[in-house]
Each structure stands twice: as structure tokens, then as C-alpha cells.
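Enquirer: Quick one: structure below, then a few questions.
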Amino acid sequence: MHYDFKEVERDVQEKWDFTVNVKDVQCYVLEMFPYPSGNIHMGHLRNYTIGDVIARYKRACGLHVFHPIGWDAFGLPAENAALSYNISPQVWTRKNIDNMRSQLKSIGLSYNWDKEFATCDAEYYKYEQEFFLDFLKYGLAYRKESLVNWDPVDQTVLANEQVIDGRGWRSGAIIEKRKLSQWFLKITDFAAELLDDLKSLNQWPEKVKLMQERWIGKSEGVIIDFQIVGINEVLQVFTTSPHTLFGASFIAVSFDHPILKYVNDVQLIQLIDSFDRKDLIDDSSINTVEKFGINSGLVAKHPLLDMDLPIYVANFVLMNYGTGAVFCCPAHDQRDFDFAKKYSLPIRQVIFPEQNVDLEREAYVGSGIMGCSGFLDGMTVDDAKKSMIEKLISLGICKKQVYYRLHDWGISRQRYWGCPIPIIYCKKCGIVPVDKKDLPITLPEDIDFTKSGNPLDNHPTWKYTKCPSCGADAKRETDTFDTFFESSWYFAAFCGIGKGIDKDVCNKLLPVDYYIGGIEHAVLHLLYSRFFCRALTRCGYFDVKEPFSSLITQGMVCHSTYLDKYGNYLFPEDGKKMIQEGKYVTVGRAEKMSKSKKNVVHLDDIIDKYGADSARLFILSDTPPERDIEWLDENIEGVSRYLNKLWKMIVDYDQIEQNFVFNDISNDAVEYRMNVHKILNDITNDLEFYRFNCAVAKFRELSNVISEMIRLSINHHVVSEAIYILIRVVEPFIPHIAEKLWQIVGGQGMLCNQLWPKVDSQLLIKKNVNIVVQVNGKFIKAVSVPNDIDDDTLKSIALEVAQRRIGNSSVKNIYIIPARVINIVITKSS
């Protein structure tokens, strides 16, 4: 008998109510909130189902759980939609939110819907405009002209974290370098703290912490003074490898380094001024952009040798890291090696390993013994580094210095669909912050997206205003915040009254106890959120340093790809049909679901065909949450069959008891109870450690145990207890069918409000153990004996069991491995 999942899900969802007073909350569960693109995809399903299992389990443990949801609603796709479909970003976004809200509710997620908001709500972004004004007040926001990452497709600036392998994180376009006046947040103020405090995040994946550690990028080194030949000027060079100074053959500086003002050759000046900024190299493009440079004509004196070093302008040196100048030892740095080879510069080896190295092919970057280095000869690299620093300090030309790879966060975006920056520009007063009483600065709705460039700057009236200081004509800032600004504090907004921040509630609820989302946000959203907590604490909004206590990063949902003979992607159903028709089709590997590869499985179709519980259970089965999962049609069908068997087994059992009595039950019944409570204990432990796939396997095992008990007519009190336990432990995973079965077996109240079943610890104590009997190491038989059996009795039993094998042989010795094995060693009679 198949259960009507549509009727069950509709009936149950109407009855659920997960409202909670935030002041009573004891556990805060949050998934990374979605961008309202229009539809919930399978990646969302996995993310939100994991969070829902945790939230439902923690409620069952007796905690008041806060499990809110909102919408990360600003962003470029809304502008693209406005241009493509002639619809305003507001209308497009709200329509998508309505559809996705309906989808989320259909999954059966236990959200506190009364706390829902979208970041495009003016009452939400009013507060981040207020934050920005306070950041200005506390020296955490500033404006400057700087070299920025320009996305020529999206026509906007990107933060360093949004440039991946030299390309825009969203558009995929090759990023150019441009000089623009931008607003920045001073994340570097917290660089040391952000790095050091990673050690305290014991419940974060090590991989995420390592990614942040590398991104923050602490470099401990020294600044060395190089005298410029012919000029009374010193060039300061930062290095983490002072021990290679004897191998230096040139110096490289940034194209905008102040030392270049001393270049007198007109042609050289023109050449440097024409330096192509789009080819500048940072860590995100070190492997994709060719290294090149220009000989500036300037020369520096080597501080320890009677030789001069030419100074090159190089595209791999940036003014915003270190001092904007480096000395280069091509023999022991691959970047320097490539540059030296290109421009025929000397390559001097100063580190010698035991084996010979071929410096014609690549730099040697390993350890070894110093040579060709004067007073450093014969030293190890570590000793040489210390000695060189001591020497240079004694000469008065060196000081120790720490730099960070992390740069301040550029937050200006030349887009319409974002939060307006609350700044006014007055010719008389300069930069004037908007008064807090005049917030929020809202977006105009009559916007034209057909013109290129910044839509707000192109608006005929919006940017024109009066200076709040002098009353003169003035202009608004037409850039908007980077959308990561919104997602960097939303977890605190859920704690507030309205959409602001309630300090007392935030101090109580934060950090979020369980935060679930993709690892792709390790150095974007997660790092920015950590910064925001510190910045808002400095401004007095609350006293919280870390936003998330426990972080769970789920893998992707993948699906096979199908290609025709021309290499065009096919929809899976079309590919399978063509294969059946004998046509040429290549079945590719399973890849992340994407529209471009046509391997997307639509959630609405799955729920309509199999139900929400089937979708939830599939997405949590078989695979640990941190690993990728492959979508297979046969697996979702298998899950659906299990739910129907579960329904039939419980509905058909007509001996349900609600008050269990276990007096005078058989030994078999006791054994079954022990097994049931062992499985319950295993499921509980699996949930505590996020082993959701293991918990699923265990409750399916429990289903089989109950089925066997029913078949063998085991005491109905024992069976009833097992059924009640099963229904309760499956509820976090498959809440609709569980809630309905709870009603059918006579459960009181709503199942989602019932406590987790308690494990009877006495039933976990094994009264008997299985011991393997061996003769000369060969298996004879496994016997069940009391777990407190003494050795002499055990030996007697073993000898009796093995008598036939022993025969007339002599027993030489008997070895016992407690609770596991007894081995009888015999010798043949002469």
C-alpha cells in the first residue's frame, strides 16, 4: 500500500508552528541564506536539509531552537534580468522570493518564518548605512584612489577575494587593473587578530581555517635599505629571504613606486606611464599572466658587495604589498628566475643541496647549505637567515617587519541594485556623511539600464541633493555597497528587534551555534563576517568576536553529463533516450549541477513525483555531508520504496501499546530490546557528530529489526517501544511521514515537540559475548558465553567445543584474548 505523500505533506505542513521568542533561545541554527535567483536547486536542498536535521534534533533534545531564514537579495543578476525582460529589479526579486519561499516550505523546513527579511528591504539596509557612518567615525572606513580589479563584463570593481585565477568570480571575465576613487573598509586593522583567533575555532573544518590563514598571509621578514647610485635616496626593500642577498642580481619595483620620479629619460618615462595595468600580477593571477618589466635606468648599490643592481619596473610587484620593492635572487625563486631568463639577468646560486640542481630549467627553492655567500658559507638556511639579519641590523640598514597579504576591502560597486553609500559630495565642504536621521537613502525606481556605466550616476535627478552642512548644491555618492556587505551581518539582524541589532540579544545568541554552507565562501563571506563582528564590537553594537561557533561545509550535488557527437550538452532524459535509440552519446563524469551543462535536476519535479521526504532522505543518505554526492534516479526510487515499506509496516501493525511493560519478557525479546537501544545510541552519536548518512543507515537497520520482530511475534510491548523510537528518530530527516505515523500510533501532541527517546544504558551492557575458539590458530566455532566468565570455565568450554579437533593430541598451551579469542595450541602424540 502506497501512502499519499502529497496529502500527508500538505496536512502536516499546515499544523507546524516553530515560532520562538528570541529571548528564550538556547540554540541558534542557521544556513547561509539564498540569493533569490528564482528556484531552489539541489545544492540548496542539501544545505537546508542538513540545517533542518540539526534544528529538529536540537529541539528534540529540549532546547529552544532559533532557525531563521532570509534572502540575500541585492546583486547583479537582478539588473541583468531588468535589461533582458524589461522588468524592474524590485519586481523580479520579489517574484523570485515568493516562488522560492513556497519551495522551501514544500520541503518541510522548520524555519521561524516570522523573522524573515530580504536585504533589499529599506528597513534592513538602513542599518548598514548606519554601520558605515560609524565605521567612518571609528576610522574603519575611508576613501582613496587606488588600483582596483575591474570586471569589463559586469562593469564593476571586484574585491581581491572575488578574483579567482585572474577572472571575475561571477562573470569569468579576465580582470583588468584600473585606478579609481573607492571606499574601503579597514579589515587590515584586524589582520593579526583574524589570523590568531583561527586557533580558537575548534569546530571549523581545518581546510577552511587553512584557506583563511593563507589568504590573510602573514609574512615575517625585514626591510633592507639600498642606496640609489648617483642620488641621495634610499630604496627600502622588503624580503622574507634575507639569506639570499648574496645571490641578488636585480631589484624590482611597482610601476607606481615613488622612486621612479628620479627617472629622467623621456622615452622611459613614457614607457613606464603606458605600463598596462591589466597585466599586473597578484597571487590570484601569478600562474596566468606573463611576467614582464622595464629597465628603469636606476641602479642600487648592493649593501654587502662591490656591485650595482639594476632596478626594473615589474608587473609582479604591487605598491600595496610590502614596500612596493623587492630584491630578486633568480636562483632560488621561480618568479625571479622566469624574469631573469627573459631579460638575460645573472643567476647566482647561493644555496647548495646534497644533489646537483639544474638552474638552466628552474629555480631551486629547497633547503641546503649556504655557499658563495661570504660569512654565511657553510651555514644552514635557518642559521644564515638569522646571521644575515644580525649583520644588516648592525650596519644600521635593516629592521624587522611583518606584512599581511590581506588588503583592505574595497566596497564600492558601480551598480544600481545594491545599498546606496550614505555620502554626499559638496564643492565647499568636501565629503559629507549623511545624517543618521535622514536614513535610509533609498534607490530610485525609475531607472534606465540600457545605458552603459553606473545606472545611478546616469539617473537624471537622484544624485542631485543639498549639502547637509552648508545647504549648497551637492551630489550623492552613486556607487553602492559590495553585496557581501549585506551578508556580513545578517546573522546578527535576525537577533534584533525589527531589522537592527539588539545588543543584549546578540550577546546572548551569538556566535551562531551551527552554521551550514559551502566551502566556496571560506575567504569571502566567512572572512568578512569575522571582520564585521570585530568592527561592530569596536563601534559598540555588541560584544562578539566570532560570528559562527560550529561550521559545517557541505559538498556539491553532482549529476552525470551527456554530450552528443558534436560535443553539445544534452539534458539527461534526452541523452538516455538517444542511447536507447542507438545514437552516439558520450556520458561524462558527474559534475556540479549547472544550467550550462544541462545536468540540473529540478526540485519541484522531484517533490511532485516522490515527495519532500524522499528528496530529503536521498540528499542525506550514503555520503558524508562534507563530500560531493551524485544524483542517481535509481537511488531516489529506492528511498521512495523504503518510505512506502515503513508506512505499511507501522500502519499494518495492530498491537500498538502506548504504556510499555517489560516484565516477564522472553530472552529473545530482551535481546531485541538491547539491539534497539544500541541502534538508538548509535543514531544519537551520529547526529551529535553530523554523520547523517550513518544515522540514516542505522534507522533503516532499525526498520529491519522491527520488521523481523513483527514476523517472529516478539512481545508487542517491545515492538511498540521500537516503533515509537523509530518514528521519533526519523523525524529530523523525514518529518512529514513521521508526524503522520505519530498520529496513527496514538502519539500525543505534535511529534516535532516530543523529546528525544532516552537510551537505557543498562541495555547497552552486554551480558554475553561471542568468543572464537581456535586450535593452532584455525577457526573451530564461535560460542556465546557470559561476559564475566572466568578463565578456567572458558578453557573448559573451549576444550569441550574443540575435543573432536584435538583428538589424541596433547594440549601444549591455551591463550586467551579477553572477550574475543581463545586459542588452543596442540602437539601431535608420538
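Each residue, glycine too, has its Cβ placed from N, Cα and C.
So Swiss-Prot has the following annotated:
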- 34-44: motif ''HIGH' region' (MOTIF)
- 592-596: motif ''KMSKS' region' (MOTIF)
- Lys595: ATP binding site (BINDING)
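Looking at the shown structure, can you explain where the listed features end up?
Expert: Counting residues 6+ beyond its ends, the motif ''HIGH' region' (34-44) has Cβ neighbours under 8 Å at 71-73, 75, 77, 93, 96-97, 99-100, 103-104, 107, 118, 518, 556-557, 592-593, 600-604, 619, 631 in the same chain.
Beyond the ends of the motif ''KMSKS' region' (592-596), by six or more residues, the same chain brings 41-43, 556-559, 569, 628, 631 to within a C-beta distance below 8 angstroms of the stretch.
Cβ neighbour count for Lys595 (ATP binding site): 9 (other Cβ atoms within 10 Å of its Cβ, all protein chains included). DSSP gives Lys595 (ATP binding site) a coil state; it is part of no helix or strand.
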Enquirer: By DSSP assignment, list the helix, strand and coil residue numbers for the motif ''HIGH' region' (34-44), in that order.
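Expert: Result for the motif ''HIGH' region' (34-44), in helix, strand, coil order: 3 helix, 0 strand, 8 coil.
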